[in-house]
C-alpha cells in the first residue's frame with residue numbers, strides 16, 4: 001500500500017511540475033525520484049482486472065530514464081516524460097479499481113488483487129518515498145492491529161432510522177402522546193408530542209427520552225445541540241404501527257424544558273449537559289441519551305388557549321424537539337464522511353463495472369446496512385478500499 005501511495009504521489013508531482021519552460025534545477029530532485037521509480041518498475045509485468053466487467057489488462061514496464069539539462073525543460077523533454085507518466089497513471093488507476101472491486105472475509109485489510117500483492121514485495125520497497133497520508137498511516141496501524149485514529153468532520157456513524165413510539169394511544173388516534181425521531185449520518189432529530197398538551201399529566205409536564213447507541217465509540221467530539229426539530233415542525237399523515245390505518249400529526253412548536261444530554265461509554269456517564277445549547281463537547285462515548293420535557297404553559301393568551309383546549313377535539317398538537325449534530329469527532333474505526341468522496345468513489349467503481357456481490361459488503365454498498373452490521377471483516381475491507389480510493393483520488397478526479 002505504501003508503494004502504491006508513493007507511486008501516485010510521484011506521478012501527481014511529475015504531472016503537475018514537469019512542464020515546458022520549468023528550470024531543470026527546480027525539479028531535479030523530483031526527476032531523480034521519478035527515475036528511481038522507472039528503474040524499480042522496469043522489467044516487471046502485472047495483470048489487472050478480470051472481475052465483473054473490469055477488463056483484464058497486462059502491463060509491462062520498459063521505459064527510458066529522464067535526462068539532465070542545464071536549461072529549461074523543452075517540449076521534447078516534456079513530451080517524453082508525459083508518455084511515461086500517462087502509462088503509469090493508467091496502471092495505477094487500474095490497480096486501484098481492481099483492488100476496490102475485491103473483498104475477503106479473512107484478513108480483508110491485506111491487498112486482495114494480484115497486482116497490489118506483487119507491489120507489496122520487497123523488491124519495490126525502493127519506491128517507498130512518502131507515507132505522509134493519514135489513510136496510509138492508519139492502514140498500517142490497522143494492519144498491525146494497533147489503535148488507529150481517524151479525524152472526521154461529519155462521521156456517518158448513525159444508520160438511517162425514522163420511526164415513532166406512542167406512550168398513549170386509542171383506536172381513533174385522536175389523543176396521542178409519544179416521540180418520533182429520525183437518525184441519519186451524523187444528525188439526530190427527536191420530537192416529543194402530546195395532543196392534549198400535558199393536560200392530565202402530573203404537574204402538566206410530559207417527560208420524553210431518546211437513547212441512541214453508536215456502532216463505534218467516538219472521542220473529542222464537537223457537537224451542536226439545538227432546542228428544535230425542524231423535520232417535525234409541519235403537518236403530516238403517519239402510518240399506524242400495525243399498518244391498518246393512518247393518523248394526523250399537526251404540530252404546534254413549544255420550547256423544550258429541562259433538556260439534558262448524556263454521553264455514555266460502556267454504560268457509564270462521561271459528560272452531561274443540562275439546558276445548554278449551541279456547541280458542546282463530548283470526550284468519549286458510544287451512546288447518546290437525550291431527555292426533555294413538554295410543559296403546558298401556565299399562562300396563555302386567548303389565541304394560545306384556543307390551540308390547547310381543556311377537552312377534545314385536539315386539533316393542534318403540542319410538540320417539543322431537539323436536534324443534535326456531530327460536527328467532528330475522532331473515531332478508531334474507518335467511517336464514511338460527509339466531507340469526503342471515498343464511499344462514493346468506491347461505490348461508483350463497483351457499480352460501473354458490475355462487480356458481483358461478495359461475502360462482505362452489502363449490495364450497492366448500502367451504508368445503512370453496512371454500518372448497522374459493522375463487523376470486523378467489514379471494517380478491515382473498508383479500511384483497505386478507502387485507503388486505495390484516497391490514493392486513486394490523487395490522480396483520478
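Each Cβ is built from the backbone N, Cα and C atoms, and glycine gets one as well.
Swiss-Prot has this to say about the protein:
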REGION    62-73  region 'Interaction with the inner capsid protein VP2'
BINDING   153  Zn(2+) binding site
BINDING   266, 286  Ca(2+) binding site
Would you kindly give the Cα-Cα distance separating the residue listed as 'Zn(2+) binding site' and residue 286 (Ca(2+) binding site), rounded to the nearest Å?
17
Average pLDDT across the region 'Interaction with the inner capsid protein VP2' (62-73), rounded to a whole number:
92
Helix, strand or coil: which one is residue 266 (Ca(2+) binding site) in, per DSSP?
coil
Same chain, 6+ residues apart, C-beta under 8 Å of the C-beta of residue 266 (Ca(2+) binding site), given in sequence order:
286
Any same-chain residues 6+ apart from residue 153 (Zn(2+) binding site) with CB under 8 Å of its CB? Would you list them in sequence order, or say none?
327, 328, 337, 338, 339
